[in-house]
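Scroll down for the structure; my scribbles are underneath it.
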Amino acid sequence: MTMSTLQSLLRCCSVILNAVCAGGIFTFPLMSPVLSEHLKLTQPQLTTIALAGMMSQYTVASVVGKVIDTRGPALCSLISAGLFTFAYGGFAATTYFYPETPSASESLSIFRNLTLAFFLAGVGTVFGYFSSLFAASRFFPNHTGIASGGSMALFGLSPLFLSVIASNWFTDPTTDTLNVTRFTAFLAVFCGSVYLLGALALRIDPLDIPVSTETPAAEEPRSGFPDETTTLLPDRQKLRQLPGDGSIVDLARQSDFWLIAVFCLLTLGASEMIISNIGTIVLSLPPYTIEQTGGSSAQAYTSRQVKLLSLSNTISRITVGVLADFISPVASYLPCGARTFPRKHRITRIAFLSLSSLMLASTFIWMNNRVLTRDDIWTLSIGTGMGYSAVFTVLPSIISSIWGMPNLGRNFGIMMYAPFVGNPLFSYVYAFVSESHASGNGVCQGRECWQSTFTFAVVTSLVALVISFELWRRWKKHL
């Protein structure tokens, strides 16, 4: 085995490990019952801790993208190692040294420490995820769909992978209770080691992209471009002035940027609202038979939906990535200004955005009209997982095709502010609708808890579908 082969194997292993170990924050539902019982944290406090981890990913996405563009994935992996070690280590220490009967001020201090720890873990998640995603895309430039889809699929499996570890090695089989302290201490050591290895293995020049060795299947001179794109690529000088090569202000002047951003806000925002609230949606409906009533049954149903979301998310990312590379290869531009495809281009990648929004709209319509019991919610989990993951799979290649590779990380990071806005928007709509129909004990029961929310989501998904049609019209021959 040559040194280059060994280095390539080590890089591939680091890409895989960085993706599959990044989802520790999504195991919080396993921890929350223990935190509530032993640390006496209220539901609003538990929600705040979870949101600190979820929302912190988006706040730093553009900054992390810029680090990827300028410093490469190795530095991001190193930063992630430090953040995960400190965050999960601090979480473990806080839960280990808590007093048996904490006072009000001690409970508040514990809450603040756990919130800070999960905030840092969320920041570490985006550093680790980006290091895997963009390293994979640069190692395999001729198969960006497979590379990005594979990395995203592994990230989608991360909660399932870590949950299996938590259940098999850190859960008391007699009481079915997770040992949060030992589990988070394990995450601190394990994730810190994995991302430290990534810092050593992923040391590459961020602009050192391998040259394609495939024979182009098609080539079009500049004069063959349709009229509406001649201002974008008229000659070599203007080819270097694509929006992705300029400032953020230049990017914000492009209508395509805002169309994609609104599309992501509407589709990803609605999807993440469901992912975050699938537990209460399950609780709002009765079981299929009266004998299945009870808390354990509801917990089992919730666990089943989480698994369906994770698996459908993963399978969709792999399938869409392979299919997109086969029927919608990414165009590259030669120094002479000609556009080439490594394989025959059959359809634009925007079509996958259209299919995603159509799938979400259909899923939400089905939810509003056909879901009556907990056994029917599997359609919501699978439809949401597939639609959500399809957008994320093709989004990096669409952004790089429109605005170029040099600032791909930055532009992708900026686009992540769309779900940062969309998630709380849809979540608060769901929360207010549910609260308006809640009973005296604060628990909402019945389909009316979410029917208005899903009606709103149907409308927004159809708006996203119209936006995708407009993008399809603009870029049908160039993406």
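Any Cβ shown, glycine's included, is placed from N, Cα and C.
The following features are taken from TrEMBL:
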type	residues	note
TRANSMEM	46-68	transmembrane segment
TRANSMEM	75-98	transmembrane segment
TRANSMEM	118-140	transmembrane segment
TRANSMEM	152-171	transmembrane segment
TRANSMEM	183-202	transmembrane segment
TRANSMEM	257-278	transmembrane segment
TRANSMEM	315-335	transmembrane segment
TRANSMEM	347-366	transmembrane segment
TRANSMEM	386-405	transmembrane segment
TRANSMEM	412-433	transmembrane segment
TRANSMEM	453-472	transmembrane segment
Request  = Report the listed stretch (46-68, 75-98, 152-171, 453-472) having the maximum count of Cβ pairs within less than 8 Å of the transmembrane segment (412-433).
outcome  = 46-68
Note = Lying 6 or more residues past either end of the transmembrane segment (347-366) yet within Cβ distance under 8 Å of it, the residues of that chain are 263, 266-267, 270-271, 320, 324, 327-328, 330, 379-380, 383-384, 386-388, 390-391, 393-394, 397-398, 401, 454-455, 457-458, 461-462, 464-465, 468-469, 471-472, 475-479
Query = Do we see three or more Cβ pairs under 8 Å linking the transmembrane segment (46-68) and the transmembrane segment (118-140), pairs being at least 6 apart in sequence?
reply = yes
Task = Grab the same-chain neighbours of the transmembrane segment (118-140) for me: Cβ-Cβ under 8 Å, and only residues 6 or more beyond its ends, written as numbers and ranges.
result = 8, 11-12, 14-16, 18-19, 21-25, 28, 49-50, 52-58, 60-61, 64-65, 67-68, 73-74, 76-77, 79-80, 82-84, 86-88, 90-91, 146-148, 150-152, 154-155, 191, 195, 198, 202, 204, 206, 208-210, 396, 400, 408-409, 413
Key: Same-chain residue ranges lying at least 6 outside the transmembrane segment (257-278) that approach it to Cβ under 8 Å   = 50, 54, 243, 251, 302, 305-306, 309, 353, 356-357, 360, 364, 377, 380-381, 384, 387-388, 391-392, 395, 398-399, 415, 417-419, 421-423, 425-427, 429-430, 453, 457, 460-461, 463-464, 467-468, 470-471
Task = Mind checking which residues of the chain, 6+ beyond the ends of the transmembrane segment (183-202), have their Cβ under 8 Å from one of its Cβ atoms?
result = 7, 10-11, 13-15, 17-18, 21, 24, 27, 31, 72-75, 77-78, 80-82, 84-89, 91-92, 95, 124, 128, 131-132, 135, 162, 165-166, 169-170
Ask   = Short question: which residues 6 or more past the ends of the transmembrane segment (75-98) have a Cβ under 8 Å from it?
value = 14, 18, 22, 24, 35, 38-39, 64, 67-68, 106, 110, 113-114, 116-121, 123-125, 127-128, 130-131, 180-182, 184-185, 187-189, 191-196, 198-199, 202
